[in-house]
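Feature annotations, courtesy of TrEMBL:
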type     : residues : note
DOMAIN   : 1-107    : domain 'PH'
DOMAIN   : 123-153  : domain 'EF-hand'
DOMAIN   : 154-189  : domain 'EF-hand'
REGION   : 429-463  : region 'Disordered'
COMPBIAS : 431-452  : compositional bias 'Acidic residues'
DOMAIN   : 480-596  : domain 'PI-PLC Y-box'
DOMAIN   : 596-725  : domain 'C2'
Amino acid sequence: MQQGTLMRKVKSKNWKKQRYFKLQDDCMTIWYQSKRTGKIESAFSISDVETVREGHQSEVLQSLAEEFPPERCFTIVFYGRRGNLDLIAGSAEEAQCWVQGLHQLIEPRSFPLTSGLVPCTWIRDWFQKGDKNKDGRMNFKEVQRLLKMMNVDMNEDHALQLFQDADKSESGTLEGEEFVLFYKALTQREEVLSLFQDFSEDGKKLTLLELVDFLRQEQLEDEGTEQLAMELIDKYEPSETARARHVLSADGFLMYLCSPDGSIFNPRHQALWQDMSQPLCHYFISSSHNTYLIEDQIRGQSSIEGYIRALKRGCRCLEVDCWDGPNGEPVVYHGHTFTSKIPFREVVSTLGKVVSRCRRAAQSTPTPSHPFPGAGGSWWRWLPGVTDPRGQQIHGGDGHPKVPTSLSPTLQELKHKILLKGKKIGRLEDTLDGPGDEALDMSDDDNGVEAEEERRRVKVGRTQHSPALQKDKESLAQALSDCVIYCKSVSFRGFQEARSHSRPSEISSFVEAKARKLIRDSGNEFVRHNTWQLTRIYPSGMRTDSSNYNPQEMWNVGCQIVALNFQTAGMEMDLCDGLFSQNGRCGYVLKPPFMRDEETLFDPNDPTSREGPGPTTLTIQVISGQQLPKVASSKDAAVIDPLVRVEIHGVPVDQARQETKYIENNGFNPRWDETLQFQLHVPELALVRFVVEDYDKTSRNDFVGQFTLAFANIKPGYRHIHLLSKDGTSIPPSSLFVHIRITE
């Protein structure tokens, strides 16, 4: 990698340009230049890279599969909305050199505790940004400019004092280790040191017993506390001498608080912690709408990248809109629009590869943290656009399913299965026991055309001899119909009708407006319905910009499949990511007990209908922030004025938001020391969203970062909140430091 490698940069099947790629000496920057002109075309930082995919894992590389073997191909995936970089190396050995090298450079960022309190990669990154003339050293003027880039508005005399203290060589510049000293002085955490000294008798170390006292009194650790204290010292104390004496220094204490063990997210809930043997309808399921779209709903691009991103985000219900294509080959796109089309064959091929890789990964680790862990299956939703029988031939199935009599099958029974949702000829019993005489049920009211077709069929009388129905039966291949087992689409004609005539193996879909009306008019009936049958909610057809509705109100009545446009960042996707970030990110979250009881009295509009203890009080002391990112549109010299808003999303009576004052000109280490308090009547359904904004008195505040999690996953005590970007990606080392108390 250091010598520069000649590789093909690929943008399309017919656009393949040779470029020299080289990793700079700082091990943080990669640039590439034209082979013909020698001109440097672009450069990117290792910190911008999210992951590296090997083989034909993009549409472009798949289109070149016959020309170039997978061993020579790889894709660099960037954070945010930046396009992927598809590359073809000259040999499999060169490709592996780059893939393995990039992985090694990326992975250390996942645990930011190397080289003292801060990772070397972050320090090098800042040094490269500040060293304008690239001479490997920084003078005071460059340091002042860097402080502005780092969101620090510091008194010049204080900055000069820190600079001179770090300049051990007295050269008037900072190099290597001198800059590390400057950075460590800059990131001194007075609020953490004060907390440390509250429990340390000599102010220099925490003995084992002092650490145990802190864990019990403040962190509310009540089981195996002494063993936990020993483990934390072994894990986070940087001094070998201190570890041998079983004491924790101030540096080790800060390391612990900044680590996953000191996170607001309960580390026990990161793994698979819920009962996974319940019926399928007892879980919230991570679900996407029009998964293939990565832009808007009318003219946007259809891409297999949409499926890859959704699966890696933990999505379990995918949408595959199939329509007739040339030569009997179905294509996937948003029907009756101008969105681009992708071959159905490419979609299923990509999904098959991703599923296989994730299953192998799940089998090799005791903690299911992959998109397809051992618990449960995945969903494909098939829309009725394919009429050519040649495009409907499906092979395979669900093994030997049983007809559910009372509830949908359990996740364990569906392990490693793929469920197909769509039209079906006859009943499930007919598929398993032989053909029956029930007509085709066309039922998915996803848009006006389908809804009108459904109403017309209902008006005909749903008889076997109806010409329209007979035509539908002829246009749907039996092999495809037989693959629809537990997710037969049926029309919804009221809760009473559903209870009398529907089956647990059936599913109804509602546009968001219809779902809201049912929630408003029949909240308890909707909750009861969702205890035994699946419900899917999808966005209004008016959301042509791929915007999203609020999923919380749908989860409040137990709707399992709440489909969102994953390509659109915002509060709605923050809630989705926040809910499904638990339980090993498996895409399934068990509903509370009162939402699994068919005789439940719960109605989200009436919190007193929930049986159990009274309201829970959540008290949050927002203490400080660390190294908050600059607003993307701001100038280098601009420094943000941050404030923190805490939002509660849950049943209507629990919806609330409170915010701190803003801190002027300090995005590096702002101190708020403000306490916010909330009353939660149904904490089991509450999500807590922390938002940092840049205050602007003349216009709307700018987004800085956020973190969302379910109330059930909050760990009380002194905790760090590691912020995420608008796209849901990590933005290390940006964080908030808070103190959490929960009382009933």
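Here, residue 1 is simply the first one shown, and the rest follow in order.
A Cβ is built for glycine as well, from the same backbone N, Cα and C atoms used for every other residue.
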With DSSP, how much of the domain 'EF-hand' (154-189) is helix, how much strand and how much coil, in residues? 22 helix, 1 strand, 13 coil
Structural state census, the domain 'PH' (1-107) (DSSP three-state): 27 helix, 45 strand, 35 coil
Just to confirm my parser: what is the rounded mean pLDDT across the domain 'C2' (596-725)? 94
Helix-strand-coil residue split for the domain 'EF-hand' (123-153), DSSP-based: 18 helix, 2 strand, 11 coil
